[in-house]
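S.K.: OK, Swiss-Prot features for this one:
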BINDING   Lys25, Arg69, Glu111, Tyr124, Gln192, Pro193, Trp194, Pro195, Phe196, Pro197, Gln198, Ser199, Ala241  substrate binding site
BINDING   Cys98, Cys101, Cys116, Cys119  Zn(2+) binding site
BINDING   Ala158, Glu178, Glu219  divalent metal cation 1 binding site
BINDING   Glu174  divalent metal cation 2 binding site
BINDING   Glu174, Glu178, Glu219  divalent metal cation 3 binding site
DOMAIN    125-248  domain 'Nudix hydrolase'
MOTIF     159-180  motif 'Nudix box'
Amino acid sequence: MDRIIEKLDHGWWVVSHEQKLWLPKGELPYGEAANFDLVGQRALQIGEWQGEPVWLIQQQRRHDMGSVRQVIDLDVGLFLLAGRGVQLAEFYRSHKYCGYCGHEMYPSKTEWAMLCSHCRERYYPQIAPCIIVAIRRDDSILLAQHTRHRNGVHTVLAGFVEVGETLEQAVAREVMEESGIKVKNLRYVTSQPWPFPQSLMTAFMADYDSGDIVIDPKELLEANWYRYDNLPLLPVPGTVARRLIEDTVALCRAEYE
């Protein structure tokens, strides 16, 4: 339940608008509300981090509005809470009116939801399930440079799950569409909320089965097999992609060293 922030309120401050995050001095604000001119703002507590409250304030600031990607090097728990705040702020902003009857909506006091004041329809934040998979062939891992990542970073393959599709089917389809190969021995590893914009990454490892690499140029700039001890530039630590790569490297080391 939201409330008006007072002078002595303190904690972590997620100030967000239109999927942007307020980052004074490039950092997520922490401390007393008065230090950040937040007294009098309406805020919603969205969690706790190390015993301190994490507050969401839906507001556009004139300066220092950036991407949640800029705080990806925070502790994972705090980064995920910042991502939750950005996603909730966008959810509340985009659900002011009911999509069925057009009447004004209001936030639920008991859950992350918006309620219609007229037809009683209930809306929840949209979450887009995605798969991400590390594919191993002997002592090598398949890594690709995506068209949206023109910074030299190579990563594993990923994509959105389609309507009526299982996670396993999504892995097989995405891998075939993007790289032209087939995989086998699919194993679930972990999951990670990913606020770009509202994804839930489900991570897998798999073994190469058959086929030659034929990339989809709309998705990839290039893809290739890289030996575990001679890898290109990788995603930053803390991402599920980096974990999958490191787990695959560990398997290769155990077998080939």
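Please read every residue number as a count from 1 along the shown chain.
In case you wondered, yes, glycine gets a Cβ from its N, Cα and C as well.
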S.K.: Within the domain 'Nudix hydrolase' (125-248), how many residues are helix, strand or coil going by DSSP?
M.R.: 22 helix, 55 strand, 47 coil
S.K.: Hey, which of the binding-site residues Trp194, Phe196 is the loneliest by Cβ count within 10 Å?
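M.R.: Counting other Cβ atoms within 10 Å of each of the binding-site residues Trp194, Phe196, the minimum falls on Phe196.
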S.K.: Sequence order is fine: just name those binding-site residues in Cys101, Cys119, Gln192, Gln198 with a Cα within 10 angstroms of Ala158 (divalent metal cation 1 binding site).
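M.R.: For Ala158 (divalent metal cation 1 binding site), the binding-site residues whose Cα atoms are within 10 Å come to none.
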S.K.: May I have the list of same-chain residues other than Glu174, Glu178, Glu219 whose Cβ is within 8 Å of the Cβ centroid of the recorded divalent metal cation 3 site, in sequence order?
M.R.: Leu157, Ala158, Gly159, Val175, Glu177, Ser179, Asp216, Leu220
S.K.: Measure the Cβ-based neighbour count of Glu219 (divalent metal cation 1 binding site), defined as the other Cβ atoms within 10 Å of its Cβ.
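M.R.: Total other Cβ atoms inside 10 Å, all chains included: 18.
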S.K.: Give me the CA-CA distance between Glu111 (substrate binding site) and the residue listed as 'divalent metal cation 2 binding site', in Å, as a whole number.
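M.R.: For Glu111 (substrate binding site) versus the residue listed as 'divalent metal cation 2 binding site', the Cα atoms are 34 Å apart.
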S.K.: Helix, strand or coil by DSSP: which one applies to Cys101 (Zn(2+) binding site)?
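M.R.: Note: Cys101 (Zn(2+) binding site) is coil by DSSP, not helix or strand.
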S.K.: Just the number: how many Å between the Cα atoms of Cys116 (Zn(2+) binding site) and Gln198 (substrate binding site)?
M.R.: 22
S.K.: For the Zn(2+) site given as Cys98, Cys101, Cys116, Cys119, which other residues of the same chain have their Cβ within 8 Å of the site's Cβ centre?
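M.R.: Going along the sequence, the neighbours appear as Gly99, Tyr100, Gly102, His103, Met105, Ser117, His118, Arg120, Glu121.
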S.K.: Tell me the Cα distance separating Glu178 (divalent metal cation 1 binding site) from Trp194 (substrate binding site), rounded to the nearest angstrom.
M.R.: 21
S.K.: Ten-angstrom check, please: count other Cβ atoms within 10 Å of the Cβ of Glu174 (divalent metal cation 2 binding site), all chains counted.
M.R.: 22
S.K.: Hey, does DSSP put Lys25 (substrate binding site) in a helix, a strand, or just coil?
M.R.: helix
S.K.: According to DSSP, does Cys119 (Zn(2+) binding site) sit in a helix, a strand, or coil?
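M.R.: For Cys119 (Zn(2+) binding site) - judged by DSSP and reduced to three states - the answer is coil.
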